[in-house]
Amino acid sequence: MRDYVKINIASPKQILKWTERLTPKGKYIGKLKNSKKTLDKKGKCIRGGLFCEQIFGPTKKNTCRCGYYKNYKKSKKEKKHIKLCRICNVEITDPIIRNYRMGYIELNIPIINILYLNINPCYLAIITNLKINYLKQLHSGKAYITIKDKNQKEKKLTGGEAINDILSKIDLEKTLIKLTNNIHQYKEKNITIKNFKNILNKIKLYNYLLQTKIKFSWLLFKYLPVLPPNVRPIINMKNNQQISNDLNTLYASIINVNNKIIKLKESLIPDNYFINEKILLQKKVDQLINNEKYKENKLGKIINNKKLKSITENIKGKEGIIRENMLGKTVNFSGRSVIVVEPTLNLNECGLPKEMAINLFYPFIIKELIKLKLIKRLYKIKKITKILDIILENIIKNHYILLNRAPTLHRLNIQAFQPKLTIGKSIKLHPLVCSAFNADFDGDQMGVHIPLSLKAQAEARNILISINNCNSLKNGDPNILPSQDIILGCYFSNIENCNLLYILNKIQIYTNMEKIKMEYKKENLSIHNFIWLNFKNKQQIDKLKIKRKNLIKKIIFLRTTVGRILFNDIIKNFL
Amino acid sequence: MYSKNIIYFNKAFDKIEIKNLINWFLINYGNIKTTKLLDKIKKFGLIHATNAGISIGLNDLIIPPSKKNLVEISNKNLNKINKKFKNGKINLITYLIKEKRTWDNMNENLKIESIKNLKQNDLLNSLYTMTLSGARGNINQVKQLISMRGLISDSQGNLLNLPIKTNFKEGLNIVEYFISCYGARKGIIDTSLKTANAGYLTRRLIFASQNTIIRKTNCFTKYKKKIKIKYETKQEFKLLKEELIGRINVKTIKEKDNNKIIISYGQDICYTFKKILNHNINIYIRTPLNCILTTGICQMCYGWNLATGKIVELGETIGTIAAQSIGEPGTQLTMRTFHLGGIFTSKIKESILSPFTGKIWYDLNKNGKKTYNKFNEKIFLTSKEKKITIYENNINKSIYYLPPNSYIFVRPGEKVFKAQIIAETFDKQKKKENTKFNEVKKIKSNISGKKYINKKNKKFNNLYWILNANFITFNKFYHKLTDKLNFKKKSYTISKNMQDKNKKSKKNLQLKISIKNILNNMEKKKSKTNKKFIFINEILNKNKTIILNKPKKEKIINNKWKIGKFILKDEITNKNRNLYPSQIIQEKKDTSVLKKVTPYRLNDKILDKNPYIMKKNALLYKAVTKKEKNKDIIQGLVEIEKLFEAKKSFIIDKTKNLHEILKDLFVNYNKKYNNSTSTRKSIEIIQKYILEEIQSIYKEQGINISNKHIEIIIKQMTSKVIIKNAGNSPFIVGEICNINSIDNLNKNYEHKIIYEPILLGITKSSLYTQSFISQITFQESIKSLIKAAIENKIDWLYGLKENLILGNLIPIGTGFK
C-alpha cells in the first residue's frame, strides 16, 4: 500500500482523543481551566495554567515540578509504563513531549468556526441554504431564531446555538435527490449560467459530504483544542520580563470568558441574561482563528495598537509555517563570503578560504583526528595547525562543494566545484562561470554548501559540477563563454594591423610554425607582423575556405599574422 | 575543418567567432576537452590583453566631421516643414511625425557615419576595438559617446519630441540634461519596482509546471506537428534550425532516386539536419503539446535535453526547467534595463545618402512619376529600376541603381550636400515597429480670435482660420475708455449719459452703457482723429464682450483682391512679401490693411460645437494621434503575464479575446468533425498563437528561448476540457478534466462524454489537478486547506512538494522510480 495523507474535519470525539489522557490514577487530564498565561517568579510554569506541566509534560528531562525527581533514570520495567510524580502529578519523560501534546478548552456553548463563514465559498451558507448576510448576523448576535422547548415554550437563540439548531434539522439526502432530479428542469427554465453553476457546486459539495459522513455539528466547536506549549513559547528574560507568543493571550481571554459563563450558569441565571458573554466568547474564538477582519475593533488590539497574530496568519503567507518551515529548510554546514576573481583556477575549481573550510568540514576533520587518535575531545582542534593543514587538504581532494549566488533564478545558479584552499577571507571564482551565475565582483556574495552523504557527493561530482554544465538550458547555446578582457586580448592579437610600419615591412615566409613561435619569443617578430605561411601539401589548401577558386592553384602561401598563428596553435593542441 | 592537420582559422576572433568556435568544439569534442581549451584561451587572452595595454581616453572619442553637416541639413528640412505647417498645408500630426522621422534619420545616419569614420581613420582605436570585438560596450553606448544621444523617452516610456543633439564628449546643455534625467530615473525605478513582478511570474510558472516530468519512453501518440520547410533569408533558416534540432521525426524520408533512408521514424534531428531540407517540403515532428500521457510527458515527445544534446532521461524535471528558462531572462532583464538610460530606439527605412556635395541628375520622364507624399513633399516614385548619378565635378561621379518602389526626394539638377538623404528604398520585409498607442491630443489656438471656415474655396479646403482679435468685456472697455479720457480729454467724446455721470461723481461709476452710443462715438472718433484705430468688429450681447480687431497696417500695392480675401504666407504680391498669413480688411487706393490670421489644417472632422470666438489657449479640436512607446522587457512582461494567465483583457483584432476565439473555432470545427478532433484542432490554433506571441516578445529583447519550454507551459493551460454531457460516465456536467484521460475513458463508453475546450490561466490550471498539500503551499492556503478538509481529500504523494514537506526523497532525477 502506498503512503498517503488524508485530511478531514475532526469530530469532538476525535479532538478529545488527541487532547485528553487517562492517568494511572484513573483521572482524565487535558482540560484547561486556568487562564494564567505567564510563568512564576522562578521561571516555572503555573499549575493549571496555559503551560501547565501536568497537562503538557515536564520542561526538564526526567525532572518533575516539585523537585522530588531530578534527572531520574527509569528502569527497564518503568519505561513501558507512564510514571507520574506522586506529589505534583507531573509525568516523568522527555520534554520533547511538549512539542506534540495538546490540551483543550471545553466551551460552554457551541461556537462557529469562522473559517466556514468568512471564506468564499461560504460552506455554511451552501449547507444551510441561507443567505450569508443572515448567517453573519446570527454569528454576531444581531439576528435570532425562535424554537420551541421540550416544554413547548418559545425560546430565542443566536450565535452558535442557533446555527447548531439549524444544522441539526437538515436532511442531506433528501435535498440532494431533489436537486439532482431537478437538474434537467433547471436547464429548461432558462436559468442564468451563474445560477446553474451554483447549483452544480451545491451538488458537488453534498456529494462530498455524503461520502465523508461528516455530521454537521462538527462544523461547530464543542471542544477547542489548545496548541502544544512549545508551538506558542514563552521566554523569561533576565530583567524578569516575559516574552510570550500572541496565541497565549488569545487562549487566555477565551478561558476567561468561558469561565465567566460557567459561573453565571452555576448561579442559575437564565440564559437570556448573558447573551453578551456568549457573543464575546464567539468573538474571542474568532480572533484566535482569524484576527484579520477585526481591524477597527478595539478587541483585536493590544498595547501599542499591534494586532495579535492569529492561527491562520501563522500558517499562511511567505513567512507562515508552510512556506517558511515546511518548504524551506535551514541547512547546516553552509557559509557565505564575498567573491573575488581568480584567473589561475581551472574551470572545475574554486578557491575556499582556509578558515571557512575548517568550519565547514568540522565533522570530517574530527572524524579523521579521532581515527588518528590525536584528540579525544571535540573543541581543541584549532590548536593543532600543522597536521590540520594536511588533513584538510586530504579531505578537500575528494570533496566537492556547492556554490550558490543569491537570486537563484535557474539551476545554473548552483554549481559544484573542487575547492582549493586559499589565504584570506574571500571565495575565489573562475572568471568564465560568471555569466552562468550572473556574478560580477563589485561586492557580490556567494553561499557555500557541502553535500554530506555519499550519494549527495556523487551527484555533486557528476551532475552539478561546472564542467558538466557547459550548455544553457533555454536554447542549448554554450554557457561558459569568455568575455571582456579575454576577448579583447584574443581580438587584439588576431587583428590585421594596417599600420604603415607593418605594411611597409618586408613580409617573411615561414614553413614552420614552431620557428615563428621561437622568433616571437626572441622578440624578432611582434605580434602584429604579417607573415606568409607556406603549406607543404596541396590537399591542405584545397580544403581551406577560400572563395576565389581560380586562384587556389597559384596560392601555396597564406598571409597571416603572428598573433593568429599563436592562437591557432592553442586550438591545434586540442583537436 | 575536418581532418587533423588542415584546420587553420585565418580570421580575427571577436566574441561571436569565439562563441561559434566553442559551440563547434562542444558538439564535436565534448565537455572536458572544451573546458580545457577554454582555460587555455583564457590564459592567452588575458596575457595578450595585458601586453596590449589598451586604454581609453578623451582623444579616442572621435566625433565625425560630417556631424555638423547632418545637423544643418536636418535643421533645414525641419524649417521647410515648419513653414508648411504654419501655412496650414499640413496638419499637426503629420508635422510631428515628420519631425520625429527627420531626427530618427539623422540619428541613424550619424551613427553609421561615426562608425565609418572610426573604421577609415583609426582601425586600432581603442573604443572601436573594444566595441567591435564585443569585449565591452555596444553600439548604442558608443553612439551616445561620439554621435548624438538622440530621441529619449520619458518616465512613462513615451517619446519626447525634443532630441538630444549633443553627445557625451561635447557635453549636454541644460535642457538636454534635464530631459535625459527622465529616462535615467525611469531605469532605476523600474529595477527596484518591477523585479518583484517578474519574480512573481516565475513563481507562478514554476508552480504550474513543476509536476511535469519525463514519465515514460513513448506515448505512441498519433498527433504530430507539420513544419513547412521554406526559407529565404538567413534568419528564417536560423529559426527553422532552432525549431527542428532536438526534435523527433515521425515520418521516414527517403531519397527519390535510391530509396535510401535519410531520416527514419523515431530518429532525432541533429546538427546534420541540412540534408533533410534539400529533399522534402514538410517535416513531421513530435511536440510536448501532442503528448497523450495524462501526467508528465514522454521521452519521444520531448526530444533532446538541450543542456546535454542527447535525448532526455527518465525522471528529468522538464517542467521546472521550462519555467526557469522562461522566468530567468525576464527577471534578469528587468534588473539590467537601467543601463540604456531611456534612449529611444526606432527602426527607420533604408535611406541613401549623398557621398559628396555635388549635383544630381536623373531622367524625370522614365520609369516613374512625380507625386507628393503625405508630408506634402515633392517626390519621384520609381516604378522600375532607376539610375541616378551624382556629379562632384567633371571627373568624379557616383551612380546608384534604385530598386522599384523607392522615393527620390531631390529633383534633377538640384544641388545636394554631403550626407543628404537622396532617396528611400522600399523594404519587402515588414519590420516590427514599436508598439503604438492612440493618444488624444488637444490642439489649442495660439492666438485669440474669431473662428472662420472657408468652405467655398477649394484651395483652402479643410482649413480652419483664426482671425486675430482681442476680446474685451463691457466693463473693461469702459474702463479703458475712461482712463484714456483722463489722459487726453480733448480727443475723446463720450455719450451724454456717461459724461454726465463722470462729471458728477468720479468715484462711483455706475455702468449703464448703451452699446449703440459707444459704437457711434467710436466711429465718429475714428473719422475725426486718424491717430488711433480701434476696430470694433462685433459686439456679442450674450457674453457681454466686444471683439476688437488688431489691425496690422501693411502697404500692398494695388491688388484686385476684395476685402475678406485670405493671403497665405510668402504669397508674393507685387514685390512685397507677405510675412504672415493674413486677411485683407481695408482697401485704399494704393494700400490695403491686413490682419494677422493663423490657419490650421484639420484631419477630417470639425467640431462646430466650439464657441464662435476663441480665447488664447482655448481648445480648437481634438486629434487622435499614434504615439510610439519604447517597448522594453517591462512592458513585454505585462503582455506575457496576460497571455499565460489567459486574461480576458488580452484582446486580439480589437474585438475578441482568446476565450471567445477558442469558442468560435470550436463551433466552426464542430460542424465538420467529431467532438474530439474539433476540440484538438481548435486548441491547436490557440496554442500556436500563444507560442508565437510569446516568442515575438522575447525575440524583441534578443532573448532566445527554445519553443519546447513554452510549449510545456502552454500544455498546462490547454489540456483541460469542460464536460457538457456526461454520457455513461459518473462525471457531473460542468466538471473540468484532462482531455487525454477523458479520451481514454470514452473508448469504453457507448454514450460518449461530450466536452468543450477551455483555456485556463497558469494559476487556475495548476489548482485543478494537483494534490492539496502542494496547493496550500501556493496561494490562499487557508481557503484550499478548508476546501480539502470538507471534500475529504487524499494526497497520494506523487509530486515534489508533498514529498519535500514530509521529508521523503523527491521522486525525480536520481530518485525517480
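Sequential numbering from 1, following the chain as shown.
Using the three backbone atoms N, Cα and C, a Cβ is placed for every residue, glycine included.
Within its own chain, A:CYS66 (Zn(2+) binding site) has A:CYS85, A:ILE87, A:CYS88, A:VAL90 as residues 6 or more apart in sequence whose C-beta sits under 8 angstroms from its own. Annotation note: A:CYS66 (Zn(2+) binding site) sits in a coil segment as assigned by DSSP. Residues annotated as Zn(2+) binding site in Swiss-Prot: A:CYS64, A:CYS66, A:CYS85, A:CYS88.
Annotated Mg(2+) binding site per Swiss-Prot: A:ASP440, A:ASP442, A:ASP444, in sequence order. DSSP assigns A:ASP440 (Mg(2+) binding site) to coil in the three-state reduction, placing it in neither a helix nor a strand. In sequence order, A:CYS434 are the residues near A:ASP440 (Mg(2+) binding site), counting only same-chain partners six or more apart with C-beta under 8 A.
Residues A:ARG65, A:GLY67, A:TYR68, A:TYR69, A:ARG86, A:ILE87, A:ASN89, A:VAL90 surround the recorded Zn(2+) site, their Cβ atoms falling within 8 Å of the Cβ centroid of A:CYS64, A:CYS66, A:CYS85, A:CYS88, which are themselves excluded.
With the fewest other Cβ atoms inside 10 Å of its Cβ, the least crowded of the binding-site residues A:CYS64, A:CYS85, A:CYS88 in this structure is A:CYS88. Here A:CYS64 (Zn(2+) binding site) is positioned 52 angstrom away from A:ASP444 (Mg(2+) binding site), judged by their C-alpha atoms. The Cβ of A:ASP442 (Mg(2+) binding site) lies under 8 Å from no Cβ of any same-chain residue at least six residues away in sequence. Within 8 Å of the centroid defined by the CB atoms of A:ASP440, A:ASP442, A:ASP444, the record's Mg(2+) site, lie the Cβ atoms of A:ILE339, A:ALA439, A:PHE441, A:GLY443, excluding the listed residues themselves. Under DSSP, A:CYS88 (Zn(2+) binding site) is assigned to coil, being neither helix nor strand in the three-state scheme.
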